[in-house]
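A.B. asks: Feature annotation from Swiss-Prot assigns active site, proton acceptor to H106. For 9-28, 88-91, 172-174, 200-202, the entry in Swiss-Prot reads NAD(+) binding site, with the evidence type sequence analysis. Marked as substrate binding site by Swiss-Prot: Y53, R56. Taken from Swiss-Prot, the feature Zn(2+) binding site applies to C114, C117, C133, C136. Sequence annotations record features per position, and here Swiss-Prot assigns domain 'Deacetylase sirtuin-type' to 1-230.
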Amino acid sequence: MKNIMILSGAGLSAPSGLKTFRDNDGLWEEYDVMEVCSATGFRKNPKKVLDFYDARRAQLQNVKPNHAHEKIAQLKEKWGKNLFVITQNVDDLLERAGCKDVVHLHGFLPELRCLKCEGIFNIGYEKFTDKQCPKCKSKDLRHNIVMFEEQAPAYATLYSLLHQTSLFISIGTSGAVLPVGQYASMCEKSILNIYEKDVNLERYFDKIYIEDIISAIDKIALDIENFMKDGNV
């Protein structure tokens, strides 16, 4: 059986009410992105960065998975190991929708990482304050998020899975961070979902949905069915 990859970005979680640093309102407007999302910013003012991620966890607690998260979870349940679910998002909305084995390329907001033993543990939506590593009891901790100027270890998993992928589906990402057009070119067939037209990106894909993911996801699910039957989308 052929393999499918769904790679998602901020456009997947935006309908749930989660803002990104590309939005001009909400949580991000109060911060300079490079001060709170870069390795340099963390070295200069770790408290400011950790407070920022506390605020993001609090925001995450107040939103819910949307129809697209739930549909992807259903697709993963149906296709199992033949569907790779990869996301640039750091939220837990796919998991809360019931999706298994999600690969988070840029880290996971509910988790902290121990700088002493490198252990990773989940704190849910709680604040960073007074936490200690359950493994080594160290309080030398940080958010488990890949910041600007840092390497993303999960990219190795992404590229390994891409070489096993026949149908590549890009959802809600502009290609500004990852070269999704290049990824599409590596696979037999490809589907793009974006909210606004982008001719430079669209030229790499076989099928394009320029619309909200909520309205596109059921069509994409049908495309997957067709691809698994006869190799077309």
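Every residue, even glycine, has its Cβ placed from backbone N, Cα and C.
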A.B. asks: Quick check for the class: what is the C-alpha distance, in angstrom and rounded, between L201 (NAD(+) binding site) and H106 (active site, proton acceptor)?
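C.D. replies: So the Cα of H106 (active site, proton acceptor) lies 22 Å away from that of L201 (NAD(+) binding site).
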A.B. asks: Looking only at DSSP and grouping its letters into three states, which state does C136 (Zn(2+) binding site) belong to?
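C.D. replies: Its secondary structure by DSSP: coil.
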A.B. asks: If I restrict to non-local contacts, at least six residues apart, and a C-beta distance under 8 angstroms, what lies near G17 (NAD(+) binding site) in its own chain?
C.D. replies: N62, V63
A.B. asks: Work out the three-state DSSP category of C114 (Zn(2+) binding site).
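C.D. replies: Once the DSSP labels are grouped into three classes, C114 (Zn(2+) binding site) ends up as strand.
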A.B. asks: Do any residues at least six apart in sequence from Y53 (substrate binding site), in the same chain, have a Cβ closer than 8 Å to its Cβ, and if so which, in order?
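C.D. replies: Counting only residues 6 or more apart in sequence, the Cβ neighbours of Y53 (substrate binding site) under 8 Å are V36, L109, F128, H143, I145.
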A.B. asks: Which of the binding-site residues C114, C133, C136 has its Cα nearest to the Cα of G172 (NAD(+) binding site)?
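C.D. replies: Nearest in space to G172 (NAD(+) binding site), counting only the binding-site residues, is C114.
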A.B. asks: Would you mind reading off the Cα separation of R56 (substrate binding site) from Q88 (NAD(+) binding site), to the nearest angstrom?
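C.D. replies: Cα-Cα, rounded: 16 Å.
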A.B. asks: Limited to the domain 'Deacetylase sirtuin-type' (1-230), I'd like the whole-number average of pLDDT.
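C.D. replies: Across the domain 'Deacetylase sirtuin-type' (1-230), the average pLDDT comes out at 95.
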A.B. asks: How many Å separate the Cα atoms of C114 (Zn(2+) binding site) and H106 (active site, proton acceptor)?
C.D. replies: 17
A.B. asks: Spatially speaking, which of the binding-site residues G9, Q88, C117, C133 is closest to H106 (active site, proton acceptor)? Use C-alpha to C-alpha, please.
C.D. replies: Q88
A.B. asks: Including all protein chains shown, what's the count of other C-beta atoms within 10 A of the C-beta of G9 (NAD(+) binding site)?
C.D. replies: 24
A.B. asks: What residues, ordered by sequence, lie under 8 A Cβ-to-Cβ from C117 (Zn(2+) binding site) and sit at least six positions away in the same chain?
C.D. replies: C133, K135, C136, S138
